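Asks: Taken from Swiss-Prot, the feature transmembrane segment applies to 6-26, 43-63, 98-118, 135-155, 200-220, 253-273, 285-305.
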Amino acid sequence: MLDDWIYIFLPRISCALAWVVNPIFVYFIFTEKSQTFGNYRYLLLFFALFNLLYSVVNVVVPIDIHNYRYCFFLILRHGWFVEISDFHYHMAAGRCSLVASSYALLLVHFIYRFLVIYDSSLTRLHFHWYMTGSLLLSVAYFVAWQTICWFLGYASVEMRQYVREEIRRTYGRDSMDFNMIGTLYDEASYEAKFKSWLATIIWSSISVASISAYMVLALLTIHKLKKMSCNASKKTSKFQFELLRALIVQTLIPIVISFSPCLLCWYTPIFGIQLPREFNYFEVGALGLFSFVDPIAIILCLPIFRHRISNFWKTSTTSLEEPSTKVRNI
């Protein structure tokens, strides 16, 4: 029953919440004055559309993550793509690659905030080129991750034999029947270990390089904003700080609840540490949360959106109270 909640119901609940929250988020953005967000509106729309796509894929391609001794592996448990085939394997790899694409999505947001502060023409006159570059960067991240999964992460017969008893004990099925992405760091042939280490190094390098870029761009933007505060209007400077703060929160959420558990699953098998099954449940569940948690965080971080929610709440409360008052007067 717990497996059904983790792998079937929780992704569907997350998807439903994403399809409620993200349209509201987009409505808030595009009903503000156009000069408030400028072209940044379209990057936020791109972000919301990505969240909707990811939430659907999270339901259609449900994954399970497990580790055993020196091996980490990811399999498909339910849905349309369980039967072993190259196409179904690519669907599993694509599910992982979408998570990697979110690195690119966050990166283009940080670059945009940096360029706005320096009044770059890419944020104004040539914004269509910036959006094109943003799309291409997201595709590049996706393709890079997909390629690594195919050439280095594809579970060999040796790896499947290594985890055969563990899979039979945990899932009641044979390891040869699963579409599997994995790494095997020890107790294996040189080729298997080499591919596993190379895959992990490349995955880690992409992750660390992306997060480092966020930090550098955020620090440079803050430094420039502090200089600008002397010349720019207080309102403009304050709003730019609020947008950057919202972006930092937007970035921290997937890093903490989604990417950090991934790193643990990659690295604990290096030392032969087997994580408890409950941690695997947590990780699978957490990977689906940011598609609706992130927009909520942005809405709550920006005062203009908080005020609109507050005003809506007050108006709704007042309209509900008025009929009851009239009834008492009668």
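We number each residue from 1, going along the chain as drawn.
Here the Cβ of each residue, glycine as well, is placed from N, Cα and C on the backbone.
Walk me through the surroundings of each of these features.
Replies: Residues 44-45, 48-49, 51-52, 54-56, 58-59, 62, 64, 77-78, 281, 284-285, 288-289, 291-292, 295-296, 298-299 of the same chain lie 6+ residues outside the transmembrane segment (6-26) yet bring a C-beta within less than 8 angstroms of a C-beta in it.
Only residues 6 or more beyond the boundaries of the transmembrane segment (43-63), in the same chain, are considered here, and those with a CB under 8 A from a CB of the stretch are 7-8, 11-12, 14-15, 18-19, 22-23, 25-26, 29-30, 37, 74-81, 91-92, 94-96, 98-99, 101-102, 105, 108-109, 112, 131, 134-135, 138, 284, 287-288, 290-292, 294-295, 298.
Away from its own ends, the transmembrane segment (200-220) comes close to residues 100, 103-104, 106-107, 110-111, 113-114, 141, 144-145, 148, 152, 183, 185, 244, 247-248, 251, 255, 259, 263, 266-267 of its chain (Cβ-Cβ under 8 Å, at least six residues beyond either end).
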